[in-house]
């Protein structure tokens with residue numbers, strides 16, 4: 001398992017070395033072996049993916065609070081939505097954990113949901129966890145985004161396979177300048193391409209932002225239409241919530257979410 005995780009991190013590093021002129025909008029199809037930690041969320045009624053998430057270990061998934069629905073189904077090991085991988089699995093939540101409640105998030109705060117699975121997933125060729133970050137992210141980092149979100153801006157077009165792209169991590173002030181109403185301080189990250197053309201978009205919410213090989217962000221909110229110049233997207237800052245996440249996983253009943 002360790003060898004496979006290291007190999008996946010190497011794939012991510014090689015992906016960062018590519019030019020960022022790719023079109024999730026603006027991206028290319030992800031390599032099938034690049035995203036074993038990427039999960040897809042849908043409801044029992046609908047097979048259409050409405051969000052993504054990240055597998056932390058065999059029993060826990062991290063995604064955005066805005067992705068909460070009744071009767072969520074979580075798919076693991078998915079690449080092509082129309083072609084089932086031999087190790088593909090589906091699970092349902094046993095527990096959902098939020099900061100206060102599922103309705104208290106905003107586009108700049110507490111958009112995070114930690115899900116405990118009713119039954120652990122099995123390790124597989126296309127199923128492997130991604131660790132929480134050991135260090136905070138650095139402004140200027142090249143970051144990887146991925147998901148089954150729309151790959152066009154004006155007319156929604158959902159791909160069969162997840163798309164990946166490289167974007168840049170900016171100072172939070174860049175997003176404050178781009179969007180009215182954001183507070184002076186926030187536990188969110190600001191990332192994108194200032195020239196436009198590359199961005200996370202519809203259904204990419206909840207998916208990972210991976211900077212220099214570390215899981216640093218959760219897709220939270222982007223401008224509409226997506227991928228516009230000078231309009232980076234907002235991502236929940238995972239590092240700010242690591243104590244809360246680790247406390248819940250350790251069954252620490254006194255742990256609290258950052259204020």
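The backbone N, Cα and C atoms fix where each Cβ goes, glycine too.
According to Swiss-Prot, the features are:
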| type | residues | note |
| --- | --- | --- |
| DISULFID | 30-164 | disulfide bond |
| DISULFID | 51-67 | disulfide bond |
| DISULFID | 99-257 | disulfide bond |
| DISULFID | 143-211 | disulfide bond |
| DISULFID | 175-190 | disulfide bond |
| DISULFID | 201-226 | disulfide bond |
| DOMAIN | 24-250 | domain 'Peptidase S1' |
| CARBOHYD | 252 | N-linked glycosylation site |
| SIGNAL | 1-17 | signal peptide |
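Feature annotations (Swiss-Prot) mapped to structure.
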| residue | record | Cβ contacts under 8 Å, 6 or more apart |
| --- | --- | --- |
| 30 | disulfide bond | 79, 146, 161, 162, 163, 164 |
| 51 | disulfide bond | 40, 41, 63, 64, 66, 67, 203, 205, 206, 207 |
| 99 | disulfide bond | 65, 105, 110, 112, 244, 257, 258 |
| 175 | disulfide bond | 182, 188, 190, 232, 234 |
| 201 | disulfide bond | 24, 25, 149, 150, 151, 153, 222, 226, 227 |
| 211 | disulfide bond | 137, 138, 141, 142, 143, 144, 169, 217 |
| 252 | N-linked glycosylation site | none |
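In the predicted model, the domain 'Peptidase S1' (24-250) has a mean pLDDT of 94. Neighbour counts were taken as the number of other C-beta atoms within 10 angstroms of each residue's C-beta; across the disulfide-bonded residues 143, 226, the minimum falls on 143. Each of the disulfide-bonded residues 164, 257 was scored by the number of other CB atoms within 10 Å of its CB, and the largest score is that of 164. Following the DSSP three-state reduction, the secondary structure of residue 67 (disulfide bond) is helix.
According to its DSSP assignment, residue 211 (disulfide bond) is in a strand. For the recorded site, residue 164 (disulfide bond), the DSSP three-state label reads strand.
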